[in-house]
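Please read the structure below before turning to the comments.
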């Protein structure tokens, strides 16, 4: 009997997976390809598919199958993970009414389009009505899901299991002061020791060539993925064998798209390393946004901004971009590790990045609790930014309109970036204890590092929890120690 | 009661439309973007979505609603068309088992991939096993659907309502001899009066620029569509506001991609002119492949290969492609209207094109009836080609592997191209009776022609039948007269 319940849940996954794949491909397509007049039909189709998927996964008989499968128990750790995650998803889903899920999907499609227009025009008023809706939906979502302490808890939990507002406040509290000191000192040193500057034009085609070679060299499989161009870079794991990165190009600085690709390829390597044999069941899935971000940050920062990387790639960069001919790897490392208090999170250096996250974390909490109104977001943002970064935000496209997350309905998402930075440093520190990883790394070959991550992170999908992955891979719980140590070495060494 | 049945069928359309949109976008994406390792998951998702859509539309209660709605009768011609087309679809669908529909979708995905590889390698053996499956599926489909005379009848009817093998044989018979004479004479004249040749390289970027300007000038709305690159050009109307063309580029001949875009944009203009207010109900849909093709052929041939068009565009072509500077419109017209017996259907001129179709029509009938085995297709093709065109096919990529249609499972589709050519000439002849259409046309402005087609063809969706559209727009039934007259004027004038 329970075998049969488990099998029914597996069959349900197979029935619903095509809807999930359709939503992933259509969501990617909406960012990359969709003509504007196609938005209305697309938004309504995505809302309907989300609703249909939700309806099937939250049907009463699913609850009965789950209870039956749980009564029988799991035969192995994969089945145990599936059971645990089916339960988590079912409980979460049955708390959200069908109409709510459809509304959120529709509002998110519309809000993304409004956001893109508002950002282009740097006009917050064009986005505000949709952000109002998203905040209101976030509050309703918290109410449906329930929380003990702060309505924001329920939202964080959607992205990082077991995380709370209080824990995050404590974590940020434990290192924000030290981070601010390191950042200020790093900015000082950058000012005192100016690096060489990138000059001239970096043609997009040459940037694409460079990025592709770099992505291939770190192991991204282009037979199972691709790179496209969007306003806001992302990585979409549509299905096994179909992992898509996007980036954006600046004519004056090739490194922005290069680090963008390293970042998204880090996400992509994780997706390409997930245990395809468990698709389309929950054990296949990536385990949390924090762990996902640990991988993107690793290839972007720990690999891409290191000396060994530029010992391998400086000459090639000089071939593709003649203005870089004659640069030394050390000059390149200095140029891509300048610390500055600047406006745009995704362009921020490692030393100041998490101060951007801390700011968003404060604003999100205040929006959700009602302490801050949407109309006051630009003023609140600009004031907090002045305080943390000492800079006046010149317009909202460089301020509160820079990120797509709120438009997507992802309130509660930002803190996972900082969790990822901490995990990234801790995993890297542990991996470098392995002789082959360390010697490869120093020779500009990160395939042993990838193999280490495949073995200890990627292949586990969601079979282990985020905590278990960190604990088993590094021998200790997540802490800011490795991250702060890394920043000190890199910026104050 | 019957009102309620009609409403239920409308609600069903709205429920199923998102699946249709997903299949359209994912099908387009498979041709344009999908990395090869993503094919397995994509094929299985598309098969599942097709099966789900089929299952819902052929459920027993749908038959009850249909009977109820029919008993009440329709309030207007739109409702009448919806009822008629729901009935047609339901009867067709309930004759096909769910498992058959899923199998056909899966085989088609795999066959398209195998075909692309076989065509690249010019190795029919790589495609033959999948073509065997498609022929076998086509025969089973005929058996399920039923037919009076020839199993091929059931297949043609999928693309052109009311058409039969006998009618097509009679139609081809009525003008094939005259067509062959015109073609032979046109080829003679081309040989006797050689036109200027295109020389040098036509960079893809310049071709794209030219094509885009041309497509915009004939009224294709890029806010509601786009152009991409694929091996085999097509037009995909994903949803209202989202119509996508594809083309391919040859470095040595800009005109191939230009006429490809004019052709697909002709399809696209029809899609963009469909009555969006009736989406997602059958009255919204395009009415038949023959009528669809009449529109693509009109912009490709009647507009794009005419003198007025090149009086407008020759100078611009010379700006983008310096080797064309100094060409006269007359020289350009001569260069793009050369008649040749050549291998590739999609590159064929108007005078010889329908001989390619006649060949495929014969082979398809023989495959379906069992008179021809798949393994003998290359020999049969090459022999028939020698007879019609006087040429030895050098390899299968220039012969029986050139078209995607059989890989897609579209046996019975080819004859609609000839039906389209006949309809195109007949509609054009009628439109040119209108003073504003004719004077616009001769001044290089085809927007009045588009307005005429919008009014008499596009806006009717499937509210009128193909026969009614032709009859109302041209005052007579479909015949080869206008087409043969057009060929004589163009090639023997």
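Placed from the backbone N, Cα and C atoms, the Cβ positions cover glycine too.
Values in this document were obtained by computation on a predicted structure and should not be read as measured data.
For B:263, B:267, B:293, the entry in TrEMBL reads Zn(2+) binding site. Annotation source TrEMBL lists active site, proton donor/acceptor at B:264.
The Zn(2+) site, placed at the center of the C-beta atoms of B:263, B:267, B:293, has further neighbours from the same chain whose C-beta lies within 8 angstroms: B:235, B:264, B:266, B:292, B:295, B:296, B:297, B:299, B:300, B:420. Residue B:293 (Zn(2+) binding site) sits 9 Å from the residue listed as 'active site, proton donor/acceptor', taking the C-alpha atoms as the reference points. Other Cβ atoms within 10 Å of the Cβ of residue B:263 (Zn(2+) binding site), summed over all protein chains shown, number 24. The residue listed as 'active site, proton donor/acceptor' falls within a helix when secondary structure is assigned with DSSP. The residue listed as 'active site, proton donor/acceptor' has a Cβ environment of 27 other Cβ atoms inside 10 Å. In sequence order, B:235, B:237, B:245, B:292, B:293, B:295, B:296 constitute the residues six or more apart from residue B:267 (Zn(2+) binding site) in its chain with CB-CB distances below 8 Å.
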